[in-house]
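One structure is given below, encoded as structure tokens.
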Amino acid sequence: MAKLTDEISKRRTFAIISHPDAGKTTLTEKFLLYGGAIALAGSVKGKKTARHAVSDWMEIEKQRGISVTSSVLQFSYGGYCINILDTPGHQDFSEDTYRTLMAADSAVMVIDASKGVENQTRKLFKVCVMRHIPIFTFINKMDREARDPYELLEEIEGELGIATYPMNWPVGCGKEFKGVYDRGAGQMISFTANNGQREVAATAAAVDDPGLGALIGEDFAETLRGDVELLDGASAEFDLEAVQAGRLSPVFFGSALTNFGVEPFLKDFLRLTPPPLPRVCDEGEIDPFSPDFSAFVFKIQANMNKAHRDRIAFMRICSGKFEKSMEVLHVQGDKKMRLLQPQQMMAQEREVIDEAYAGDIIGVFDPGIFSIGDTICSPNRKIRFDGIPTFAPEHFARVRQLDTLKRKQFVKGTSQIAQEGAIQIFREPGKGMEEVIVGVVGTLQFDVLEYRLKNEYGVEIRLEMLSYQHLRWIEETPVEPKKLKITSDTKVVQDFKDNYLLLFTDTWNINWALDKNEGLRLAEFSR
Ligand code: GDP
């Protein structure tokens, strides 16, 4: 029992969210370096080879050198057992990216200091807010030309609607980057580039230290004194409760590439971020420390082995301990079973595991029975976790099969791929399944769909891109959906649970529909 409590209290499970190129990979790699998981940062990538090593499952990944799905890395540091959930970016951005956030207890938001808040960060941030998880900000690339720090904080507050608390404050940037002032310690830490090394040997001085000018230059020292006074006087108090409720984001400035400010960030982050949080099920909150095992599926990875049409279901453990070959209950299937080939990612290696604890993520062999959101638990305690929301896709295409004789395979293929959660399928009311509208969060999923239908189901399709960009579920409507007053380029569709939805080309049309139909309520995701 004591071991269980001890193991679970050590867990920290978080996701790193960012726009491509902000420095997520570099920061993760430096974290791994501190965790001793790799000997020298920089030895992990070439990004392409690293990604290959992690997932060489699908031919399409090999062809393009990209990873279609996200993975989890586990390592230890300072007495903590850390699980980093990777949120895929670039063109492999997909619903998986959103769903991964459902398995996290907190998020680290990496922002490029020269760019500020970018599109993909904005989207991922919304999901974090929906879950009220703590969000920590790392403003990266201070060794390059950066925007004014006050302006960056204002942008985060204004665009994302979260208060900020600078934990440290940068002095200069780019060639003139002098380091950061650690507000907690009341010390200036001067910048030294430490690419590839673990230890950051920095010199420190207090603001009233007469040596400060010599360390960073008189002008910078003067500016810093002014900034510190301003920050101490003007900014909000540090409020841990607000941080843990996701209302206040502690902000750190640094440079992942030169390994400056990374370890102090990691230390503070681990100190302030929560251990596994209770999850809500039909019986209320489940205590992560309770001895009964429970977990939910948040991602399904298809076709690890083409010959067998295998899948791997990734689940987040919510309570208790998982032991290899223990008997569990798959609640949605109402079946007792043993989970096969449980595995975890340790640094860059995939390993078969014997045990795992609340907070951990495991992947198990799935013979095609699990769906996203399913609950797996000890047979003596049947519970059902709240489902994972379906996020609105942003790209749409009309999909037709080319060979009408293969209707059955087409229906089976699209339905199965939709069940795994890679795509969403819709139909126009009154129409059958021969022609569907497919919605995806990232356009790569269209290629994946085409490839998989052909290779696994022998069905050739034609994709016709549609100009819709926004999808909304109709939550309440004053009239039958078909009778709503909508513009000619808005479309009524149904999902396969027969819910009605509206497809819009732009936000102007959304507002038009809301204006003209009193009582119409639309939602961006469906529960
Ligand atoms: P990701 O797409 O968010 O994973 O970004 P990467 O970690 O791959 O970084 C994108 C590029 O920015 C790479 O060329 C990195 O070497 C570079 N980079 C990352 N962090 C820093 C930094 O702190 N300073 C500088 N100058 N470059 C950085």
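Just so it is clear, glycine is given a Cβ too, placed from its N, Cα and C backbone atoms.
DSSP gives Lys24 (GTP binding site) a helix state. Feature annotation from TrEMBL assigns GTP binding site to 18-25, 86-90, 140-143.
Here TrEMBL flags 9-277 as domain 'Tr-type G'.
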According to DSSP, folded down to helix, strand and coil, what is Ser18 (GTP binding site)?
strand
Those binding-site residues in Ser18, Asp21, Lys24, Met142 whose CB falls under 6 A of ligand 1, listed in sequence order:
Ser18, Asp21, Lys24
A 10 Å Cβ contact count, applied to the binding-site residues Ser18, Asp21, Lys24, Met142: which residue has the minimum?
Asp21
Would you mind checking how many other C-beta atoms are within 10 angstroms of the C-beta on Thr87 (GTP binding site)?
24
